[in-house]
Amino acid sequence: MQVEVDLPNHSYHIKIEEGCFSEAGDWVSHLWQKQMITIITDSNVEILYGESLVNQLKKQGFTVHVFSFAAGEASKTLEVANRIYGFLAKHHMTRSDGIIALGGGVVGDLAAFVASTYMRGIHFLQIPTSLTAQVDSSIGGKTGVNTSFAKNMVGTFAQPDGVLIDPVTLKTLGNRELVEGMGEVIKYGLIDDIKLWHILEEMDGTIDSILDSALAIIYHSCQVKRKHVLADQYDKGLRMHLNFGHTIGHAIEVHAGYGEIMHGEAVAIGMIQLSRVAERKNLMPRGISQDIYNMCLKFGLPVHYAEWDKDVLFDILSHDKKASGQFIKIVILPQLGSATVHQIPLEEMRDYLEK
């Protein structure tokens, strides 16, 4: 399977195929004729896939370096980015060379941020190995690092030269790491793909069901992401639908401490919480929040956050990128499979944090 992303100023393809990681070197050689490549990865993924990718690239004649950092959301910082800049400079990486992001969402966001800012931008590729990265963060060109104030507070828009997705890599994930990716998959079904929602309804929620259906749910998710990115590359309109559940979700991630609550888990809680309040305000049809709750519960996603503190969460989300002056934009669902953006006074977000 292949998904084409044809943007006005940059086009690339997303290759989705079981077992395609074993052909990554050949894939890269058809996209790049560069002399030097730095693979950016984390300590977990390096052990699983680092040596294989290095060997594949060397067989194609590339000079290869590897930068690995401690796995986890806590590493997605300007401090780690600065270490990578130093590594690239030490190895005399230039704008004619390239970066490959090998790993999950943290790796992809951080590596893409570095690539887009080092020497004002060098080329990069994404090889995502987690479900969250395969269905969401590796696609669309958003890069970013976290700060103590907010998630992804510092970032850029930069498109990769290609994305290689091998669903087989999901088999090396722990159960929690696999399940958290379903938060984003469920979101796609809710905002724009009723067929995907029906696929999820037919699944029994087990780990095996996720792995067995991986190719289909990744493809559907990539198609939804592609549609929104093509229509709104810089997140000014339609693409904002992809933020459903994220305003509250990101606040939960910051409040819990980066890495304590995984991204897809926080999104699941955020979707449920926002929908319940939106229903009470008659902004959404009754029953959708229960549908979301049931779907998240079926796949083993958390449906509540034990350390809920509405005042602290409000303070955090007031720094959200979707806030503008005294207003903030939220995403609501007129029906299953459809989304719209609704602007409210920032202060009204306190209502959406009421349990």
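Note that the numbers count up from 1, one per residue, in the order the chain is shown.
Keep in mind that glycine also has a Cβ here, set from the backbone N, Cα and C atoms.
Remember, it's a predicted structure, so these values are computed and weren't measured experimentally.
Annotated NAD(+) binding site per Swiss-Prot: GLY105, VAL106, VAL107, GLY108, ASP109, THR129, SER130, LYS142, LYS151, THR169, LEU170, LYS171, THR172, in sequence order, evidence recorded as sequence analysis. Cβ neighbour count for LEU170 (NAD(+) binding site): 20 (other Cβ atoms within 10 Å of its Cβ, all protein chains included).
Feature annotation from Swiss-Prot assigns Zn(2+) binding site to GLU184, HIS246, HIS263. The secondary structure of GLU184 (Zn(2+) binding site), as reduced to three states from DSSP, is helical. In sequence order, LEU131, THR132, VAL135, ASP136, SER221, HIS263, GLY264, VAL267 are the residues near GLU184 (Zn(2+) binding site), counting only same-chain partners six or more apart with C-beta under 8 A.
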Requested in this report: For the recorded Zn(2+) site formed by GLU184, HIS246, HIS263, name the remaining residues of the chain with Cβ within 8 Å of the site's Cβ center, in chain order.
Outcome: THR132, ASP136, GLY183, LYS187, GLY245, GLY249, GLY264, ALA266, VAL267
**Report entry** Among SER130, THR172, which are binding-site residues, the residue with the most C-beta atoms within 10 angstroms of its C-beta
**Finding:** SER130
Query raised in the report: Cα distance, HIS246 (Zn(2+) binding site) to VAL107 (NAD(+) binding site), nearest Å?
Result: 20
Report summary line: For LYS151 (NAD(+) binding site), the nonlocal same-chain Cβ neighbours (under 8 Å, six or more residues apart) come out as GLY144, HIS250, GLU253, VAL254, TYR258
Report summary line: What DSSP gives for SER130 (NAD(+) binding site), in three states, is coil
Report summary line: The answer, for which of the binding-site residues GLY105, VAL107, ASP109, HIS246, HIS263 has its Cβ ringed by the most other Cβ atoms inside 10 Å, is VAL107
